[in-house]
Each structure stands twice: as C-alpha cells, then as structure tokens.
Amino acid sequence: MVEAWYMDESQEDQRAPHRLRPNRAVGLEQLRRLGVIYRKLDADNYETDPCLKEIRRAENYSWMDIVTIHKDKLPNYEEKIKTFYEEHLHLDDEIRYILDGSGYFDVRDKDDKWIRISMEKGDMITLPAGIYHRFTLDENNYVKAMRLFVGEPVWTAYNRPADDFPARKQYVKFLAEEAQ
C-alpha cells in the first residue's frame, strides 16, 4: 500500500525521504480529498492485466508509453531530474504507473504544504489537472513507469506561479468544495 507523509523543510538531497519528526502520515482519504487517485496493480503482468485494461477503457486512456529514469537510460538525465523536481502543474491529469523501481511524487495540500507520496512497483497514481506537484527519484535512483494519456500526449509543464490557467482555477474550486 502506498505511503505518504508531510515533508520537512530541508533543502538537502531531494531523493531523501524528508519526513517531519515526528512523522505526520497522510492516508488515502486525505489524498482523495486533494483529487489524487491511487491504485495498486500487478506490474509483473501489466501487458495482460485485465484491471489495467479496464482502467484504460473506463478512463479513456488511449495513449501510453514507458519511460525509464536512470542515468544510463535517460538522455540529459541530470537536466531532466532537475526539471521534474520544479514545482509545476499540467492542464491535463498526470497518470503514472510504476512498473519497476521507485520514486516520489510531491503534491501541495490545501494549505500549500508539501505531501510526499512514495511510489513503488505496482503503484498507479492520477494527479488532477491544476495541482501543483513535482517528481523525484528516491535514493535507489531508478524507476520505470508507464505514462498514460487521454488522446495525444501533452507534455507541457507550467511552473509555479500558474494560477491564471483555467485548470488551476477549476482545481482550486474543487478543493473549496471538498472542504465544505
């Protein structure tokens, strides 16, 4: 099962866990109230997994690819790692399914505090359009992930501040409705 927690303010190595002391765990319900959807799937059989097939059909995820993030596999590795860790949002949902390895997605809560979500093999996450987030590898420095999209992929990330985009305004409205 996925593990998530509030992050400390340390500027040390981004690949470290960065847990508050004492730890402040975050449960799936709190993530759901932020619009973050988590699923656990069978990564060993992703090519034939009926659960993945049904999710893709139900959510209309018609496009996918697989990316490996490792210094020996990803061109411009160091530059890409820095880019992924810049706080940003997308105008579409971001869907990632971890097929091997591990890493962290960090998302902002309703009070603008960072929550770190530890992702490992078999974890699928959907981050809603408009949520500020970032990604980094953990100390294992390797992840293989499936990227899923509705229609043609759009890779554009908008670094913070990006509050004037309709996707951000819609997300902020969602958070306000969830708080009621």
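One-based numbering along the chain as shown.
Keep in mind that glycine also has a Cβ here, set from the backbone N, Cα and C atoms.
Around HIS133 (Ni(2+) binding site), the same-chain residues at least 6 positions away in sequence with a Cβ under 8 Å from its Cβ are GLU87, HIS88, LEU89, GLU94, PHE105, ASP106, VAL107, ARG108, LEU127. What TrEMBL records for HIS88, HIS90, GLU94, HIS133 is Ni(2+) binding site.
Other C-beta atoms found within 10 angstroms of the C-beta of HIS90 (Ni(2+) binding site) number 20, with every protein chain shown included. According to TrEMBL, the Fe(2+) binding site annotation covers HIS88, HIS90, GLU94, HIS133.
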Using all protein chains in view, find how many other C-beta atoms are within 10 Å of the C-beta of GLU94 (Ni(2+) binding site). 20
